[in-house]
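Written out below as structure tokens is the structure these notes cover.
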Amino acid sequence: MGSDGSSLSPKVSQPGHTEIVDHVSEKVITNGKNVNKKVNAEVDGKSMVEKVKTHEENAEDYHYGGYHPVYIGEEFHHRRYVVERKLGWGHFSTVWLAYDRAAKRRVALKVVRSAEHYRETSIDEIRILQKIREGDEKHLGKKHIISLLDYFVHRGPNGAHVCMVFEVLGENLLSLIQSYGHRGVPVGIVKQIAYQLLIALDYLHRECGIIHTDLKPENVLICIDQDALQHIEAPATTSSPTSNTSSSKTRNNTGYTAKAPIIKRGQSVDNSAQERKTFAKNPTKNSKPAGQVIPSSPFTSTLSRFPSLEGAVSEISLRDSQKHNSHPNSPFSSGDNSLILDGVNGSQEPVPKITVKIADLGNACWTRKHFTNDVQTRQYRSPEVILGCRWGASADCWSFACIIFELLTGDYLFDPRNGNSYSKEDDHIAQIIELLVNYPKQMALSGKHSRDLFNRRGELRNIHKLKFWPLKDVLEQKYHFSAELAQQISDFLSPMLCFDPAKRTNAGYMSNSPWLREVADPTFKIETTGATGEDVPGWATEIR
């Protein structure tokens with residue numbers, strides 16, 4: 001099996017027995033253990049924002065080629081996995097909390113819609129997850145990417161569904177941001193998150209040749225151990241079907257719920273008329289009647305269950321910004337599971353440890369094979385993608401910088417809006433230029449969409465009055481960070497907010513930043529040949 005994105009196809013054998021076959025090598029790929037998890041981004045994206053009204057999948061999508069009618073107590077894969085409750089859903093799949101009888105633990109089970117293009121997309125995702133699994137164990141970044149534990153094909157009345165089994169993680173970073181009232185997460189906690197994400201990105205980019213393409217707070221999950229999961233009670237409503245509810249889109253929706261997945265090209269899956277007849281005559285036992293939908297029952301705040309994330313922060317990890325980051329209702333405490341970091345006025349203070357993992361690789365691609373140019377969620381979208389220029393792994397570092405700013409301040413770094421005489425794209429590029437002040441006009445004019453945004457002189461076509469506001473000044477004037485801390489943050493983020501993707505600093509190099517020294521693993525250091533992506537193939541453009 002190569003790492004170039006050539007597709008796998010699920011081969012359905014006898015009922016109840018399936019295997020995924022690599023048609024390139026004709027080898028059976030055994031059910032994987034330990035890869036990644038696209039599921040929880042969908043799961044936790046909803047769980048973290050329970051305050052916002054949740055909606056369910058459309059009952060009309062339960063048909064041949066659509067969702068599998070999962071029911072509580074249903075058994076999957078030779079009775080190994082038993083469904084306990086519904087965690088979430090997306091246009092791509094539904095996600096369920098299940099008990100793994102073999103491993104004696106709870107897992108997240110994602111059941112993909114059975115239509116051919118959804119199956120093909122899931123096979124692409126599995127290939128990417130396998131590449132991540134097979135990478136160098138010595139690279140610590142691997143531990144900060146979610147793990148796929150198993151995969152198989154499940155046959156039901158609506159067709160053959162690719163299923164993926166993931167480790168269950170806690171809530172995502174959006175939940176963390178909200179728990180601090182959008183006023184900023186303590187700096188000591190942000191530093192830990194930043195370091196872990198950077199080494200994870202270096203592992204993806206340098207070791208695996210993979211670009212995430214959709215980094216955002218919703219797709220970074222906080223780890224939670226199995227002991228906490230053992231005490232999660234099943235809600236009383238999980239077995240009660242309900243009709244489809246509101247379909248309004250809100251910020252809490254993540255990769256799956258915010259938009260349909262990007263459809264990738266791959267080898268077609270056999271979807272014969274005979275298979276359709278077989279399922280019509282022999283539907284799965286106890287399957288739900290058409291038109292009924294089990295309501296999602298995501299976890300209540302897992303932050304409160306995570307041992308190192310309980311209690312209040314009081315005055316830890318505030319680093320010169322006590323007023324900015326003082327939150328009496330914070331979910332963190334300074335227990336035994338903590339770090340001692342430099343605090344205010346040179347003092348040393350305990351900061352709770354936090355471990356995060358990158359999730360949702362459903363839109364990921366290879367550095368040598370981009371599936372689409374429609375990548376990145378709006379607020380985390382890089383200028384090269386907006387302009388329609390060539391892009392590469394460095395686009396992830398732009399998104400990373402936007403996430404760190406949001407963690408520190410509680411606000412988006414860029415939040416473009418439509419105007420009477422300009423588009424969101426106009427406003428987005430204008431906001432970027434206002435922050436960076438300078439930009440390469442040659443690049444600005446080189447994209448597929450450049451003529452819509454710039455005139456021949458490289459000036460914005462539809463927005464003429466700009467208010468330049470460099471990052472350090474934004475942090476100091478708007479968010480009241482001290483001048484020293486604002487400078488430190490600006491020095492850390494600015495190299496990854498370079499307009500030109502080829503000159504953007506790579507993740508491995510930034511993991512060695514002095515700003516992260518106190519949270520970095522002293523036994524692990526990423527050696528790079530330069531600050532930018534000289535030694536990262538596909539850094540700024542697709543490898544051809």
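Easy rule for this one: first residue shown is 1, then count along the chain.
Each Cβ is built from the backbone N, Cα and C atoms, and glycine gets one as well.
These numbers come from a predicted model, not from an experiment.
Between the candidates Lys110, Lys131, Swiss-Prot assigns the ATP site shared with Leu87, Gly88, Trp89, Gly90, His91, Phe92, Ser93, Thr94, Val95 to Lys110.
Within the group of recorded positions (Trp89, Asp214), the Cβ with the highest number of other Cβ atoms inside 10 Å belongs to Trp89. One residue stands out among the binding-site residues Leu87, Val95 for having the most other Cβ atoms within 10 Å of its Cβ: Val95. Of the listed binding-site residues His91, Ser93, the Cβ environment within 10 Å is emptiest of other Cβ atoms at His91. For the recorded site, Ser93 (ATP binding site), the DSSP three-state label reads strand.
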